[in-house]
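The domain 'SLC41A/MgtE integral membrane' feature in TrEMBL is assigned to 16-150, 230-373. Annotation source TrEMBL lists transmembrane segment at 57-81, 87-118, 130-150, 162-182, 194-214, 286-304, 316-336, 356-381.
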Amino acid sequence: QHWDVFKYVTEVFILVPALLGLKGNLEMTLASRLSTAANIGQMDTPKELWKMITGNMALIQVQATVVGFLASIAAVVFGWIPDGHFSMAHAVLLCASSVATAFIASLVLGMIMIGVIIGSRKMGINPDNVATPIAASLGDLITLALLSGISWGLYKELESKAYVNPLVCAFFISLLPIWVIIAKRNSATREVLYSGWEPVIIAMAISSVGGLILDRTVSDPNFAGMAVFTPVINGVGGNLVAVQASRISTYLHMSGVPGDSPGTAPRKCPSPCSTFFSSDVNSRSARVLFLLVVPGHLVFLYTIHSMQGGHTTLTLIFIVFYMTAALLQVLILLYIADWMVHWMWGRHLDPDNFSIPYLTALGDLIGTGLLALSFHVLWLIGDRDSDVGD
């Protein structure tokens, strides 16, 4: 927040939810896909395992490079329209930072995911419960560290070595054909390579709107304290809804193929009672995940407070507003997940590939929006201490 690159190229804030959302678009769909494949016995032989790994790794590199490039264009446009000021040097910096971050983060996280899923399978643990939260939390940490470090390094080179930024862009984009060829040759990923773009790109656009809210809010000195809480509220919401979507998807896969009508027919629009209060296995997991919100966030708030991070005193009224925003975000997401996964299944779409990008992007947008609203309301009622911990 206080580094020169964030102060002078504020559009980097717009990239934050879009690139953090990539773990929802790519790594968590990869984790969900491989968890389902592991649970239904498609990764039991070394040959099947190797085929799954190479195809999926190539696929996420293609998606990461393209989405990283599109996210930088969205950041430039969203930053340019309100300000009416366009800088070519800053646009190339955003492109290089975004593409490099997306590519490296996806490579590292993809390898970690594969290790976690193989390890879970060997230890007899359901990968659905383990892989998606690890993908989400590590994804936030690694992506944010890479984005900050890479953008800061490239910003320093902007004055003396202007050619570095376009060179970085060109290098990662030139690798695209190699990954496309590998993914195309694999029957497990060929279909996703052609059909899996819509959710990834729409999710990136939704997250970028959340980024615009973050940029506008954090740039205002009165609401500077919001920066430290945004990855936390979005990360927790994304983690919990991804676990639920992955579990419902595996449950449906065990009873047939997309389009089949399993034990419970795909619902047009479930009632909140059936989502949270029925005796169904997915309803029980929704209740458990919802109950994790308050203790989880209390731990994170205590950690932020003890590290003296941020600009906001953790008063009782602030904690009440923050928890209300967090609970409301997860409640909405779990309800949408129940409807969306069943709806996609009924439409012959594999929820492993299509639901999680939309859900995590909506989590980013709802979380950032509710958090910004909470800060505005707190400001209006007189809770004004934006310089704490500065």
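Each residue, glycine too, has its Cβ placed from N, Cα and C.
Automatic prediction, not curation, is the source of TrEMBL annotations.
Keep in mind the model is a prediction, meaning the values are calculated, not measured.
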Positions whose Cβ lies under 8 angstroms from the transmembrane segment (130-150), at least six residues beyond its ends: 3, 5, 12, 15-16, 19-20, 22-24, 27-28, 30-32, 34-35, 96-98, 100-101, 104-105, 108-109, 112-113, 116-117, 120, 231, 234-235, 238-239, 242-243, 246, 356, 360
Distant-in-sequence neighbours of the transmembrane segment (87-118), which means Cβ under 8 A and at least six residues beyond its ends: 9, 11-12, 15, 18-19, 22-23, 26-27, 30-31, 34-35, 38, 43, 49, 53, 56-57, 60-61, 63-65, 67-69, 71-73, 75-76, 127, 130-131, 134-135, 138-139, 142-143, 146-147, 150-151, 154-155, 158, 162, 164-166, 168-169, 172-173, 175
For the transmembrane segment (316-336), sequence-distant contacts whose Cβ falls under 8 Å of one of its Cβ atoms, 6 or more beyond its ends: 229, 233, 236-237, 240-241, 244, 270, 272, 275-276, 286, 289-290, 293-294, 297, 301, 359, 362-363, 366-367, 370-371, 373-374, 377-378, 381, 383
Outside the transmembrane segment (57-81), six or more residues from its ends: residues with CB under 8 Å to it: 10-12, 14-15, 18-19, 22, 25-27, 30, 90-91, 94-95, 97-103, 105-107, 110-111, 114, 172-173, 175-176, 179-180, 182-183, 186, 189, 192-193, 196-197, 200-201, 204-205, 208-209, 211-212, 215
Intrachain neighbours beyond the transmembrane segment (162-182), with Cβ under 8 angstroms and 6 or more residues off its ends: 54-55, 58-59, 61-62, 65-66, 68-69, 89, 92-93, 95-96, 99-100, 103, 154, 193
Close approaches to the transmembrane segment (286-304) from elsewhere in its chain (Cβ under 8 angstroms; 6 or more beyond its ends): 228-229, 232-233, 236, 240-241, 243-244, 275-277, 310, 314, 319, 322-323, 326-327, 330-331, 334, 338
